[in-house]
Amino acid sequence: MNKISIKTDKEKETMRKAGKILAEMLLELKNNIRSGVDVWELEEKFIQMCKENNVTPSCKGYDSDGFLPPFPTGLCLSINNQSVHCYPKKGVILKNGDIVNIDTVINLEGLHVDSSVCIPVGDVSKDAKDLIETTKKALYEAASKVKHGVRVGVLSETIQKTVEKAGFNVLKDYAGHGIGYSMHEEPEIVCYGNKHEGPKLKDGMTICIETLVCTGNDEVFNVNAWETRMKDGGLFCIFEHTILVTRKGYEILTR
């Protein structure tokens, strides 16, 4: 993971522009999610939108510095008990009651922005609704704590408390992160911990807060080199924004 970087005014403006593009793209994908849709259509639409907006899909071809095979798609997409790093495949059809996580990154002029959403398909269970609501709430509760001088542990503790109060659990093996010219910069922002831990946030940092939440036990298992599922078969949900740290607070770039 690359070291923490402080963004210049020009870099901030580029990331603002990229963030707005990504937000619009995710909204368009969300509007195309319904029962009967082949998830590969979402991948094709995303790649087309990248071309139209002159941005690069950062996930496609990503190989974790050679430790893993190149990631096959521009989108990370998981359904129900699928968890992190899953991807769309042709012939997988969405059905009523599913919940769909879309997590993706784009690159504009060398700078990355990253965002995730979870979308219900038609009528979903109360448990699924509550999971989505809690995961989203945890993201915004943590974001509200972002400010120059605040420790990363404050964000982590906020996420964990919000999630566990609602009766759900956080995934402990995956985390948010800094972002910029690299998709993954320091600091690591886990979904658990206490407010006295971690480095202090600094004005000009750009970070990705990810709330990774499940209905049951947080253990996952690998289906292949990339894809994972919840070991107990429970539901998984993720929300994420790229956020600029400022002297007085924060700015969400991906909305």
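Glycine residues also receive a Cβ, built from the backbone N, Cα and C atoms like all the rest.
Cβ neighbour count for HIS184 (substrate binding site): 19 (other Cβ atoms within 10 Å of its Cβ, all protein chains included). What TrEMBL records for HIS85, HIS184 is substrate binding site.
TrEMBL lists ASP103, ASP114, GLU240 with the feature divalent metal cation 1 binding site. Annotation for ASP114 (divalent metal cation 1 binding site): same-chain Cβ neighbours under 8 Å, separated by at least 6 residues, are SER58, ASP103, THR104, VAL105, ILE179, MET183, CYS208, GLU240, THR242, THR254. ASP114 (divalent metal cation 1 binding site) falls within a strand when secondary structure is assigned with DSSP.
Neighbours of GLU210 (divalent metal cation 2 binding site), defined as other CB atoms within 10 A of its CB across all chains, total 28. The annotation divalent metal cation 2 binding site is assigned in TrEMBL to ASP114, HIS177, GLU210, GLU240.
Annotation comment: TrEMBL describes 13-246 as domain 'Peptidase M24'.
Residues CYS76, THR104, VAL105, SER115, SER116, CYS208, GLU210, ILE238, HIS241, THR242 surround the recorded divalent metal cation 1 site, their Cβ atoms falling within 8 Å of the Cβ centroid of ASP103, ASP114, GLU240, which are themselves excluded.
For HIS85 (substrate binding site), the same-chain residues that are 6 or more apart in sequence and have a Cβ closer than 8 Å to its Cβ are PHE71, CYS76, TRP226, GLU227, THR228.
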